[in-house]
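Student: Copied straight from TrEMBL:
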- His89, His91, His246, Asp320: Zn(2+) binding site (BINDING)
- His89, His91, His246, Asp320: Fe(3+) binding site (BINDING)
- Arg98, Tyr156, His183, Gln249, Ser325: 4-imidazolone-5-propanoate binding site (BINDING)
- Tyr156, Asn322, Gly324: N-formimidoyl-L-glutamate binding site (BINDING)
- 267-385: domain 'Amidohydrolase-related' (DOMAIN)
Amino acid sequence: MSTHPTRDTAAAPDGAGSTLIANISSLVTNDHETVAAAEHGPLGVVRNAAVVVEGDRVAWVGTESEAPATDSRVDAGGRAMLPGFVDSHSHLLFGGDRTEEFAARMSGRPYTAGGIRTTVEATRAADDAELAANLARHVREALRQGTTTLETKSGYGLTVEDEVRALRIAADQVDETTYLGAHVVPPEYASDPDGYVDLVTGPMLDACARHARWVDVFCERGAFDGDQARAVLAAGVARGLVPRVHAGQLGPGPGVRLAVEFDAASADHCTHLSDEDVDALAGSRTVATLLPGCEFSTRSPYPDARRLLDAKVTVALSTDCNPGSSYTSSMPFCVAVAVREMGMTPDEAVWAATAGGAAALRRIDIGRVTPGARADLVLLDAPSHVHLAYRPGVPLVAAVWQRGERVL
Ligand code: NIG
Ligand code: FE
C-alpha cells in the first residue's frame with residue numbers, strides 16, 4: 001500500500017495500486033473472528049466501514065476512520081456492501097427452453113424428471129458456439145445480480161462427446177465445473193439403464209474427469225437409485241473428483257445418506273428429509289444446499305431450512321438455474337424466498353448465499369470480505385443487506401467488483 005494522498009476516482013487505473021472503497025454504511029464480512037471491527041455474529045457486520053482492494057484481493061477491512069492511505073478512493077454513498085454471491089449449483093449448458101412445460105405446470109401438470117430429456121434433445125442439436133453464447137448470457141445475467149462465483153454442470157448431453165464439450169465450454173467461463181453424466185438415463189438406454197451407468201462410470205468419466213472438479217448424480221425416482229448413485233460417486237472419487245449429490249428433491253430416498261457417507265461437499269435440494277437424514281447431515285461436513293427457485297417454479301412445498309439450521313447443519317442457498325425446474329439466475333430472489341417461505345432470517349439467508357455457497361464448494365477465498373480473500377464485492381442500493389429480503393424483486397445491485405475489478 002502506498003502513502004499517496006487519497007483522491008476520488010471511479011476505480012484504480014488498470015486495477016493497479018490500492019483502492020479504498022469508503023462510506024459503506026454496513027458491510028457484511030462473514031468473518032467476525034479476523035475482522036476486529038466486526039460485530040459479533042456470523043455475518044460479522046462492520047458499520048461505517050471501508051475496504052481496501054489491492055490487485056484481485058482484499059487487503060484491509062475495518063472502520064473508515066481507521067483506513068490506511070491508498071492510491072485511489074471510491075465513495076460507496078452510504079450504502080450496504082456484502083461479498084459477491086456464490087451460486088454453487090446451476091445447470092447452464094443447455095439448448096432451447098421449456099416455456100410450454102412451465103405454462104402447463106402452472107395449469108396443474110406436475111413436474112417430473114422426464115422433462116430433462118426435452119432439454120437433452122435441444123442441447124445435442126445445438127453447436128458449440130450456441131452453447132457457449134447461452135452460457136455467457138447467463139453468467140452475465142447472474143453477475144448483474146451480484147453473483148461473482150458460479151458452479152455449473154454438464155448433464156444435458158448424456159453422450160461421451162456431448163458431456164465433454166459441455167464441461168470444456170463451462171471450464172472456459174466459470175470457476176467450478178461438475179460432471180453430471182448421471183442426470184437421467186437417455187432415451188437410447190431406456191431398456192438398459194445399467195448399461196448407461198457403465199458408460200457414465202467408464203468411458204464418459206475417463207473423458208470428462210479432467211474438465212471437472214466435482215462429480216454429481218441425480219439420486220431420485222425416475223433418475224438413479226441408491227446402488228446406481230453409489231457406483232457413480234465411487235467411480236468419480238476413484239478418478240479424483242469430489243462428490244456432490246442431487247438428493248431428496250421429489251421424494252424421500254437414499255441420496256442424503258449417500259452424500260454423507262461419501263463425505264460429499266454438498267447434498268442439494270434436501271426438500272424431503274427424514275430425521276435420520278437431518279442427523280446424518282448434522283454429524284458431517286456435508287452442506288445442505290437449498291434451491292428455493294426450484295420449489296417456486298415447480299409449485300412444490302419448500303424445504304424446511306429452520307429444521308436444518310436448528311440441527312446445526314450448514315445451509316447454502318443456490319439458484320439451481322436450469323431451463324426446467326428453476327429458470328432463475330437471481331440469488332437475491334432466492335434469499336427473499338428463503339426468508340419468506342423457508343424459515344430463514346435475513347441474516348441466515350445472506351450468509352447461506354455467500355459464505356454458505358463457498359462452504360458448499362469447499363472454498364475459503366470467496367464468500368467473505370476479509371484480508372486475503374478474493375475481492376468479490378457487491379454494493380447495494382440500500383442501507384442494509386436485510387433489504388435483499390425486505391424488497392423482493394427490486395434490482396438493488398448497484399455495483400459489482402470481481403477479483404478486484406469493477407465489472408458493473
Ligand atoms: O436440479 N434435479 C435434477 N436436475 C435439475 C432439473 C433439471 C431439469 O428439469 O431440466 C434440478 O432441478
Ligand atoms: Fe440441479
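Any Cβ shown, glycine's included, is placed from N, Cα and C.
So that I understand the layout, could you describe where these features sit and how close they are to other parts?
Tutor: For Asp320 (Zn(2+) binding site), the same-chain residues lying six or more positions away in sequence with a CB closer than 8 A to its CB are His89, Ser90, His91, Asp268, His269, Leu291, Gly293, Cys294, Ser326. DSSP gives Asp320 (Zn(2+) binding site) a coil state; it is part of no helix or strand.
Long-range Cβ proximity for His246 (Zn(2+) binding site), meaning a same-chain Cβ under 8 A and a gap of 6 or more residues, is found for Asp216, Val217, Phe218, Cys219, Glu220, Ala223, Gly255, Asp268, His269.
A C-beta separation below 8 Å, combined with a sequence spacing of at least six in one chain, links Arg98 (4-imidazolone-5-propanoate binding site) to Gly115, Thr118, Thr119, Pro323, Gly324, Tyr327.
Counted within 10 Å of its Cβ, the other Cβ atoms near Asn322 (N-formimidoyl-L-glutamate binding site) come to 27, all protein chains included.
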Student: From the Cα of Asn322 (N-formimidoyl-L-glutamate binding site) across to the Cα of His183 (4-imidazolone-5-propanoate binding site), what is the distance in angstrom?
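Tutor: A Cα-Cα distance of 13 Å.
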Student: Please compare the binding-site residues His89, His183 by how many other CB atoms fall within 10 Å of each one's CB, and tell me which has the fewest.
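Tutor: Lowest Cβ count within 10 Å among the binding-site residues (His89, His183) is His183.
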Student: Near ligand 2, meaning Cβ under 6 Å from any of its atoms: which of the binding-site residues Arg98, Tyr156, Gln249, Gly324, Ser325 fit that description?
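Tutor: If the test is a Cβ under 6 Å from any atom of ligand 2, the answer is none.
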Student: How many helix, strand and coil residues does the domain 'Amidohydrolase-related' (267-385) contain under DSSP?
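Tutor: Tallying H, G and I as helix, E and B as strand, the rest coil: 46 helix, 18 strand, 55 coil.
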Student: What is the number of other Cβ atoms found within 10 Å of the Cβ of Tyr156 (4-imidazolone-5-propanoate binding site)?
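Tutor: Within a 10 Å radius of the Cβ of Tyr156 (4-imidazolone-5-propanoate binding site) lie 32 other Cβ atoms.
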